[in-house]
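Pulled from TrEMBL, these are the features on record:
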type: DOMAIN; residues: 23-90; note: domain 'Cytochrome b5 heme-binding'
type: BINDING; residues: H48, H73; note: heme binding site
type: TRANSMEM; residues: 177-195; note: transmembrane segment
type: TRANSMEM; residues: 207-231; note: transmembrane segment
type: BINDING; residues: H232, H237, H256, H259, H260, H312, H316, H332, H335, H336; note: Zn(2+) binding site
type: TRANSMEM; residues: 269-290; note: transmembrane segment
type: TRANSMEM; residues: 296-315; note: transmembrane segment
Amino acid sequence: MAKQMEKSSNFPKYRADGQSTFKEKNDDKFIVKYRKNFYDIKKFIVKHPGGVNTLKGLNNSDMTSRFIKAHPHSDAAMYLMKEYHITKPTQLLTTTTCKSNDYNIKDAQYEKLIVSSMEDSNNNIIDENVEHLVDWSRAMLPQIGKICKQYEQWVHKPVDRSLRLFGPWYLEMCTKTAWWVVPIFWLPVIGALIYNEMWDVLFGGNVLKILSLLFYFLLGIIFWTFLEYVLHRYLFHMSINKRSHPLLCSFHFMIHGLHHKVPFDSMRLVFPPLPGAILAIIIYAPLSMIVPQPRVILAGALFGYLCYDMMHYYLHYGDPSNRLLYHMKRYHYQHHFAHQNLGFGISTPLWDTIFNTRIHLRKLRFRLKWK
């Protein structure tokens, strides 16, 4: 019987609570080898949907066997990996063996492992690169109408790049929004609505009237969660095919497609206030004629929207310790990189459950961390 191989010390150990005990060096690069290619994933570590603790310990090592043993990655995730491809580094890996989660595997065994894993197509790098369809150095929106036949294929293959939507700077400026702009704009609007409609009642002592207004405010929040689901499922993920009109493709890209194409662009994670205000007016106008207390309902809906936008930003860039937010971050990342036709609820999975579009997350052996 062959001598038992030593366990690799280059991979993270985990405590009983699932937290990594490995402290990564603060290097300028984080180079890994997968099959015969090299990747610098330094800027991707904190963006990795699977958390930083699944990547720590891989610096300057061959991750092939560990990658193959992992849960199969989606096509979108494999395509994103191409963003970090580099030429062979001048400083090669520290050893000539393949380092896995459990063992140091010698070259012959490594080759055998690679061959035996070929049936797992999701763990092979996607060769088809469609970025030649557009010129990333130019404004993107004018180009979308020209790639309608390949748009659906292109837009759902994420990249980690900066994207310019419009050519003129004054138009481009309107498409980028820092997260803190949203509460600065909407909190005074919500506050004014509450003050005008509820302030006198709150100090009037009429308990039934107070409860009635609070009910309508809560109804507005619930209405927003339903509207969020409907917009996300039927408008943001509308059916685009080869016969779609160029203007429809451009419209889809502008309102949501760009978020799936460049999911890590921090300035495009919240909805700009101006188009948000226009949308609110369009929805409120007919609603005000058919529901009681329309302004209170509007205040609740805007509050629900504000919570949604802040949560959406946090799900992309936060490291939640709260159980609910942790679950929602994993849930939303699954929508982005694996199940883009499911998981349309961001602030709540309620309507996904009702309409049978819920994503069922698999159980993990340890808790993920994103910082």
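Easy rule for this one: first residue shown is 1, then count along the chain.
Note that Cβ sites are derived from N, Cα and C of the backbone, with glycine treated the same way.
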In the domain 'Cytochrome b5 heme-binding' (23-90), averaged pLDDT is 85
Integer Å distance between the CA atoms belonging to H260 (Zn(2+) binding site) and H48 (heme binding site): 15
Could you give the residue numbers and ranges of same-chain residues that sit at least 6 residues beyond the transmembrane segment (296-315) on either side and whose C-beta is under 8 angstroms from one of its C-beta atoms? 179, 182-183, 186-187, 189-190, 193-194, 197-198, 213, 216-225, 227-228, 266, 269-271, 276, 280, 284, 287, 325, 328-329, 332-333, 346-347
Identify, in sequence order, the residues in the chain of H232 (Zn(2+) binding site) that are 6 or more apart from it along the sequence and have a CB within less than 8 Å of its CB; answer 'none' if there are none. H256, F344, G345, I346
Non-local Cβ contacts of H316 (Zn(2+) binding site) (under 8 Å, 6 or more apart, same chain)? P263, F264, S266, L269, H332
